[in-house]
Amino acid sequence: MGSVDNSSSNAPLNPVAGTSEMVDDGETTDICRVCRSAGDSALYYPCLCTGSIKYVHQDCLLEWLKYSKKEVCELCSHKYSFQPIYRSDMPQTLPLSEIIRGILLNMGRILRSWAIYTLVLVAWLGIVPITACRIYRIVFSASLSSMLSLPFQLFSPDNLLVDCLKGCFIVSIFLCAFISLVWLREQIIHGGPQEWLNLEDVARGANAENALDDNVDAVVAEARAEIAGNDIEEGEVEERGDEVEQGQEDVAVQDQADNDNWREWERVADELTWQRLLGLDGSLLFLEHVFWVISLNTLFTVLFAFLPYQLGHFFLKTIGLASRIAYFPTLTSVLLGYFILSLIVRCLHVTAKISRLAPMYRILGMCYLVLKVFLLVLTEIGFFPIICGWWLDICSLPLFASSLSRRIASFMVSPTSSLFMHWLIGMVYVFYSASFVLVLREVLRPGVLWFLRNLNDPEFNPIQEMIELPVIRHLRRLIASTSIFFTTILLLIYVPLCFITRYIPSVLPFNLSLAAETPVSELSLELLVLQVVLPALLEQTHARTILKTVVRTWCCIFGRLLQLEHYLLPME
């Protein structure tokens, strides 16, 4: 029996004399003081304790020491010591062949681990992204020659690094979309509008127990009425009671079967760890996971990218606009395809409701809610910041003596960069506008800003609102938000710039130059102000205090003039 030294020294210590001897096999009354049983393994007495707590199993002692984080006996304070016990035929020195054999075994394990980890890296960071990128390219080419040359294109050594980076981006989008779909499905099932998922007159209830309770109440009421009228025999009542009990037993059996199925799935999910999923546990089962990721990514590309693109492109070609779209034709076709697809799903959902097709009604309702949330999120996070960024840029043109034609020319030269810069400016503007609204809520009386959503409300759930509220209401909110933000930009930026240009013309235009007389980009200057100056100001406590003081002073002055002081400010 070998054991590990628990003492402070690295070398194994000899036990105290007479404290680590094995108990005679004939003593059957001695038990372990930890597990309170004799067990199959040998009993030892490693400390100075006597009586019923004298003996202990080695495994039990090691487990207890690991749990208690101590190296001494808690009763007698004797320090435990361990030493290895070898077989009687063990040689004094280890043979050279055993040393070489151990070295070879260790080297084999190291080489095997290195090979598996290398294969894992190549598979997840090489094969998966490169395959995703090239399948995406082949699918969107939609030509017979590209389909026939698919194996050659997948294993082509050309542009490996570029395809790998593009593939990582595609796989990242796929993973985020997949996780979002699973999460959104749970949100819809547990908190979504049930009228979009279940028909009103479907015979099946929300669960079997409610339906069973209704049946039980009906049978009991009928039995009581018949007993009161002396129109029913006692045996018939007992028979109906047996039927009710049988129904309860059937439902209980069905619930038990469902619970067993869920436990089976939960057990499989618990066994699937990240190490096993990625292949870091040393097995080759991750190759199956790699295959599934590639297959699901291909299916995702076809269903969520290629089909909407084809639908939108077909519509644009039908109305004669496909050849006139010079910028972002693929993105335009995909977004238009999703919009048309949502309309088609909505029409089919109404048709399924009229036809009383409950399963189809539920599936189409789920699909419509997912498409609705996707388009609303894309509108609020993508489209709205872009138009805010463009409006902010247009209103700040007098600051740099620029013109709209120059902005359009800059967009035509680099449309992707221009679109991203305006989206970033719009997002930063929206973020700091929301931060300013939070400052206003700290100063103004509660209820003044009732028309604005409180972002600090713990019950505020924008995704749940997108699921529950109708599209018309979201469009009204979008129009109202756009009007407020555009008016704010117009009053805070464009009007002061026009005033300065007219009455103090020597101040503008503003041009910041470096030592080499190279003008800094106007958009870069705007980003510098939004990303460096404003955060530095808002992070300072005194700057926030000054801002709140200015707002309170403004409310006091104009509130007294308009007799709204008590309405705007809280009573202090």
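Cβ coordinates are placed from backbone N, Cα and C, and glycine is handled just like the others.
Copied over from TrEMBL:
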type: COMPBIAS; residues: 1-12; note: compositional bias 'Polar residues'
type: REGION; residues: 1-22; note: region 'Disordered'
type: DOMAIN; residues: 24-83; note: domain 'RING-CH-type'
type: TRANSMEM; residues: 114-140; note: transmembrane segment
type: TRANSMEM; residues: 160-184; note: transmembrane segment
type: TRANSMEM; residues: 284-307; note: transmembrane segment
type: TRANSMEM; residues: 327-348; note: transmembrane segment
type: TRANSMEM; residues: 369-392; note: transmembrane segment
type: TRANSMEM; residues: 420-440; note: transmembrane segment
type: TRANSMEM; residues: 483-504; note: transmembrane segment
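Mapped onto DSSP helix, strand and coil, the domain 'RING-CH-type' (24-83) counts 14 helix, 6 strand, 40 coil. Here the domain 'RING-CH-type' (24-83) has a mean pLDDT of 80 out of 100. Panel annotation: around the transmembrane segment (284-307), residues 116, 120, 123-124, 127-128, 131-132, 135-136, 139-140, 142, 170-171, 174, 177-178, 276-278, 334, 337 of the same chain, lying at least six beyond its termini, place a Cβ under 8 Å from a Cβ of the stretch.
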